[in-house]
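A.B. asks: Take this structure, written in structure tokens, and hold onto it; I'll ask about it next.
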Amino acid sequence: MEKKNFHIIAETGIHARPATLLVQAASKYNSDITLTFNDKSVNLKSIMGVMSLGVGQNADVTITADGEDETDALAAISDAMKKEGLAE
Amino acid sequence: MNYEEIAAKILKNIGGKENINTAWHCATRLRFKLLDENKAKTETIENIPGVITVVKSAGQYQIVIGNSVGKVFDSLADQAGLENKENQAASTNEKKDSLVNRFIAFISGTFTPFLGAMAGAGILKGLLALLVALGWLKTTSGTYEIWYAAGDALFNFLPIFLAFTAAKRLRVNQFVAVALAAALVYPTLVTVATKSQTLHFLGVPVVPTTYTSSVIPILLAVWVLSYLQPILDRIFPDAIRNIFTPLFSLIIMVPLTLIVVGPIGSGISNLLANAVSGVYNFAPIIAGIIMGAFWQVFVIFGVHWTFVPVMMNNIAKMGYDPLLPILAAAVLSQAGAALGVFLKTKDEKQKTLAGSGVVTGIFGITEPIIYGITLKMKRPFVCAVIAGGLGGAIIGAFKAKASSFTLPSLLALPTYLGKGFIGVIIGISVAFVLAAILTYFFGFEKSSSQATVSDQNLSQTGELVTAPVTGTIIPLTSVHDQVFASEAMGKGIAIVPTDGTLKSPVAGTVSAVYPTGHAIGLISDSGIEVLLHIGIDTVKLNGKYFKTLVKKEQHVTVNQELIKFDLEKIKQAGYDPTIMLVITNSKQYQITATQETVAKNNWLLQLDTKHDH
């Protein structure tokens with residue numbers, strides 16, 4: 001199991017467009033991937049779950065990947081976060 | 001909006017009037033058949049203020065305008081010098097056509113969910129009749145009685161089934177509708193009707209009518225209920241609504257249906273029966289044509305009932321009835337039409353239904369055929385009418401007689417023995433064969449098979465997602481936001497709103513609310529994940545002009561108000577107000593989208609759970 005913390009810098013937080021891309025990125029991998037915010041965890045492969053967390057600017061979140069391709073998964077998600085300007 | 005300007009710009013960018021083959025419009029879209037679609041500059045047209053989007057489908061080039069499409073069309077027709085007559089005819093045909101079409105589509109739609117059951121029950125009835133005719137089973141035996149009940153119950157209590165499906169379509173309380181239907185066929189009322197006693201309700205006479213096996217009366221009643229229920233819901237507070245709305249629905253609707261529908265139906269029925277009998281007396285061929293052609297139409301409207309006493313009376317007085325044999329032509333013409341469909345159609349489901357229809361039709365049961373195939377497809381029904389009329393004319397000409405009262409079918413032939421029997425044989429053969437031939441060659445239209453595909457998709461009892469707001473419906477793929485239009489978030493549909501209240505499209509729980517109020521997530525009670533997003537990029541408004549009325553985890557009912565937004569101010573601020581409805585777990589479903597283009601309290605999407613193969 002691997003995890004990584006992110007600090008959200010995007011003004012509108014994890015919203016529609018970036019949320020979709022994150023979910024798409026996560027869904028490519030077999031590992032179970034969760035997004036945790038304020039002690040609430042959701043499946044990062046479900047848009048509904050991600051958006052229901054309501055992650056806004058300046059939020060601190062943790063993404064956990066558990067499975068064979070956990071390392072690759074986390075790397076890809078990190079990339080996506082940076083590309084979308086969600087986190088540094 | 002300057003309609004002339006919009007029309008002029010459209011005309012210019014669509015390749016000019018020379019490129020227009022035909023042009024007409026519906027409630028929200030301009031529809032063109034262009035000679036060369038490549039000549040149309042779609043991007044430019046989409047950017048014309050007043051144009052919502054361009055949709056290319058069904059061989060048409062459609063420009064979505066919204067409510068004022070009529071005015072744009074008129075100006076366009078003027079400027080292009082389109083022949084007014086032709087286009088007026090085209091748009092009024094669409095309207096007239098729509099009313100009849102919608103009526104037929106509604107009727108056949110209420111039957112589709114239980115067509116299989118009806119066809120099965122029909123076959124059982126037919127088999128029983130066959131066994132009795134062969135002498136293998138006696139009508140007095142318990143075996144027969146029980147199996148007869150098994151097969152006939154569906155037809156006898158048909159209004160109950162129809163109430164259930166019609167209520168679902170019209171978004172009315174299904175159980176209230178069923179209670180209403182059950183009241184119409186309630187045993188004591190049925191006895192009263194068969195004894196022709198007149199009841200009085202608060203002093204108003206209730207003409208006895210038999211509602212068993214009828215179609216139109218219950219559909220009318222449920223339709224009225226769809227207007228009554230919202231009114232009652234508004235009157236009664238939440239706490240007592242669950243009980244009081246049904247209570248008053250029943251108090252009002254049952255007597256209303258019995259008092260209003262009954263007399264109308266009986267009146268028409270009486271008129272018809274007497275008229276046709278009269279006609280038979282001086283021109284049997286003409287009576288033959290009328291009965292042979294239109295008997296099934298009478299059955300649909302439930303006005304065939306008073307023919308029965310007339311026929312039984314004839315048998316009692318004269319020992320025979322001349323009208324019954326003619327009906328055999330009507331029945332077998334439907335069977336023939338079913339055969340035509342069976343031979344011609346490539347659709348597996350339709351083939352099976354048609355095939356079973358031929359069998360049940362030969363045994364005299366035509367409901368599965370009529371409501372499952374011929375009426376729905378319209379042309380086969382017309383073919384059956386023509387063939388039936390011809391067959392009936394022949395039978396009438398030969399003055400055939402029925403010596404006892406039996407369900408008209410191939411099995412009833414023994415009752416037609418005697419003078420004129422040859423006429424019956426010829427007549428029903430003509431009816432059957434001609435209907436089959438006509439249907440085979442003329443019964444299919446390219447567009448009708450398109451319509452039946454979407455009709456058949458509605459045959460499953462899938463979940464319906466209704467319109468959350470009023471406005472113009474456009475495909476999700478046409479919205480001006482790549483993330484949504486690419487369907488990356490899931491499949492769905494979009495509406496360009498004309499009012500500022502977002503209502504819940506499903507019954508379920510609020511899974512996500514946003515401080516900015518421009519979006520909301522719901523999970524329906526059955527697990528459908530619905531994301532509603534008001535406007536494009538409206539997150540940037542940071543909550544201005546939006547007011548969320550519900551909380552996370554709150555349970556909501558269909559049409560419950562979720563968000564109020566200021567449509568005008570949002571548009572003035574330069575934002576596209578299109579509302580996107582996305583099913584974020586759409587991979588689990590087979591989604592059928594509505595063919596309508598105007599959203600107002602109707603369903604938008606039907607979701608059928610995909611089964612793993």
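Using the three backbone atoms N, Cα and C, a Cβ is placed for every residue, glycine included.
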A.B. asks: Between B:15-34, B:355-374, B:495-514, B:575-594, which stretch does TrEMBL give the note transmembrane segment?
C.D. replies: B:355-374
A.B. asks: Should anything in the same chain at least six residues away from the transmembrane segment (B:244-265) have a Cβ under 8 Å from its Cβ atoms, list it; otherwise answer none.
C.D. replies: 173, 175-176, 179-180, 183-184, 189, 201-202, 204, 206-209, 214, 216-218, 220-221, 224-225, 228-229, 232-233, 236, 301-303, 305
A.B. asks: By DSSP, what is the split of the domain 'PTS EIIB type-1' (B:4-86) into helix, strand and coil residues?
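C.D. replies: Secondary-structure composition of the domain 'PTS EIIB type-1' (B:4-86): 36 helix, 22 strand, 25 coil.
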A.B. asks: Using Cβ atoms only, state whether the transmembrane segment (B:103-134) and the transmembrane segment (B:355-374) have three or more pairs under 8 Å that are 6 or more apart in sequence.
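C.D. replies: Yes, the transmembrane segment (B:103-134) and the transmembrane segment (B:355-374) are in contact.
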A.B. asks: DSSP on the domain 'PTS EIIA type-1' (B:481-585): how many residues come out helix, how many strand, how many coil?
C.D. replies: 14 helix, 43 strand, 48 coil
A.B. asks: Can at least 3 Cβ pairs under 8 A be found between the transmembrane segment (B:146-167) and the transmembrane segment (B:381-400), with each pair 6 or more apart in sequence?
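C.D. replies: Counting Cβ pairs under 8 Å (6 or more apart in sequence), the transmembrane segment (B:146-167) does not reach the transmembrane segment (B:381-400), since there are fewer than 3.
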A.B. asks: Quick one: do the transmembrane segment (B:285-311) and the transmembrane segment (B:355-374) reach 3+ CB pairs under 8 Å, ignoring pairs fewer than 6 apart in sequence?
C.D. replies: yes
A.B. asks: Have a look around B:Cys26 (active site, phosphocysteine intermediate) and count the other CB atoms within 10 A of its CB, chains all included.
C.D. replies: 18
